[in-house]
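Encoded as structure tokens, the structure appears first; notes follow it.
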Amino acid sequence: MELCYQLPVLPLDRPVPKHVLSRRGAISFSSSSSLFGAPDPRQLSQRRGAISYDSSDQTALYIRMLAVTNKTIKPSFVFTPDVRVRSQVGFEPERRGSHPYLGVDFRTLHSRAESAGSIPARRIRRLFSFQRHLLSSRLLRGAPHLNPLHILDEDYCGQAKCMLEKVGTWNFDIFLFDRLTNGNSLVFLTFHLLNQYGLIELFQLDMVKVRRFLVLVQEDYHNQNPYHNAVHAADVTQAMHCYLREPKLAESLTSFDILLGLLAAVTHDLDHPGVNQPFLIKTNHYLAALYRNTSVLENHHWRSAVGLLRETELFSHLPAEDSLGIERQLGSLILATDITRQNEYLSRFRTHLDENDLCLGHASHRHFVLQMALKCADICNPCRPWELSKQWSEKVTEEFFHQGDIEKKHKLEISPLCDSEANTIASVQIGFMTYVVEPLFAEWARFSDTRLSQTMLGHLGLNKASWSAMDPETSGSSEEGESEPGRPTEEPSSRALSQGSQET
């Protein structure tokens, strides 16, 4: 199997133009697997055409570099011959598509670019993805480059700023905020929170690097996914902010804890393919083999996040040991969102609460509470007001059913909750609330018995009742399966939900 990528290169003796800085400086990926409905590999090569992956040697990539010359006012592009490079041994963060992020020395590779011929301007569009084609076409027409984050109407900007003043309220409408920010909710929201907590100044972060990091993170979420997209990441980040403001956490967490919590929320589903782990395993996806069928997606999200941190050099001013510590702890938080390990974390949380031995003065206990907060934020949709919760329920079920349709098309075993003929939105949501959401939020309310916790449980009960009214048969069977509130009995349906919930 051959996968195609793109890497840009610039002469070192030339100042980097703004339009190049705004472009991706790393590897882009598109799967050629027909299971994902991707185009023909030859089309991928034409559109992105820069790197091919050698499946016979997992440490090697064949790169055809893309360069910019300074011979004319308008940029022209040239190809260099194929160059083979090997990734460094050891810890390797990932870029889009889960391939190792390579420490390529562009100076040595660029030296071979000068002898190649230029490509006509009319063919440049095939070198870019769709988003980059819009920018390149403007450049070729001589039109000034407008930053997509600053082209909003003033009225929309004003409304978005007004919404950010209430970013700590539980009924925050992330869908409206995303429309007001022209689809840039994750960037605007996260930048605002980092600034509000004083983290940019405290950790001496370069605002240009912060903004570039957030833009790249937002780009690496797949907007074609109905649920696991940048809006979901923004919603989880807003929920995490609400939890960080809870009295127990606000009094105990350090600024470093808050920074980790926000970064984990922003990147927790980075580059999510829109299918769950069992699907990757049964289709023999290389990600499943890479991570040995264990927390496949979570490991990929983590390594992708680390790749972006290193690409943007967000923490390059910190000692190397501190940067590696941030990466490791970020991974610990993201890996905790693996729904197949739900009972493991929930049992440990319950034991701490029963024995009343959680001491937030200890760094390890604070980190565990951050893990639980992120788990709650990741699946808090059923605890939102009905108008918001219903939209999320429809989106996640659409994504489930889309996976089921793919499995049917290729005659694979249909994953739990993914068969649109055997399930309804109501039945999926009632089961998910009963066996996954209620137990977790019941324990969270024991830990943080506040108005917010009671509000979430209240919305959860009302939303479950609303879905039950639409599907009375499922609601009746789910009530019979509960032994006591918040502690459902372990039934086959519970295990199926854990397997099929794909990190909802």
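A Cβ is built for glycine as well, from the same backbone N, Cα and C atoms used for every other residue.
Keep in mind that TrEMBL annotations are predicted by a computer and have not been checked by a curator.
Quick look at what TrEMBL annotates:
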- 152-474: domain 'PDEase' (DOMAIN)
- His228: active site, proton donor (ACT_SITE)
- His228, Asn229, Ala230, Val231, His232, Asp269, Asp378, Gln429: AMP binding site (BINDING)
- His232, His268, Asp269, Asp378: Zn(2+) 1 binding site (BINDING)
- Asp269: Zn(2+) 2 binding site (BINDING)
- 467-504: region 'Disordered' (REGION)
- 484-493: compositional bias 'Basic and acidic residues' (COMPBIAS)
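It is Asp269 that, of the binding-site residues Asp269, Asp378, has its Cβ surrounded by the most other Cβ atoms within 10 Å. Other Cβ atoms within 10 Å of the Cβ of His268 (Zn(2+) 1 binding site), summed over all protein chains shown, number 28. For the binding-site residues listed here (Asn229, Gln429), the lowest count of other CB atoms within 10 A around the CB belongs to Asn229.
For the pair Ala230 (AMP binding site) and His268 (Zn(2+) 1 binding site), the C-alpha distance works out to 11 angstrom. Counting only the Cα atoms, the space from the residue listed as 'active site, proton donor' to Asp269 (AMP binding site) is about 7 angstrom. Within the model, the domain 'PDEase' (152-474) shows a mean pLDDT value of 96, rounded to a whole number.
Comparing Gln429 (AMP binding site) with His268 (Zn(2+) 1 binding site), their Cα atoms are 22 Å apart once rounded.
All chains included, 25 other C-beta atoms sit within 10 angstroms of the C-beta of His232 (AMP binding site). For the pair formed by Val231 (AMP binding site) and His268 (Zn(2+) 1 binding site), distance between Cα atoms is given as 12 Å, rounded to the nearest Å. When the alpha carbons of His232 (AMP binding site) and His268 (Zn(2+) 1 binding site) are compared, the span between them is 10 angstrom. A gap of 11 Å separates the Cα atoms of Asn229 (AMP binding site) and His268 (Zn(2+) 1 binding site).
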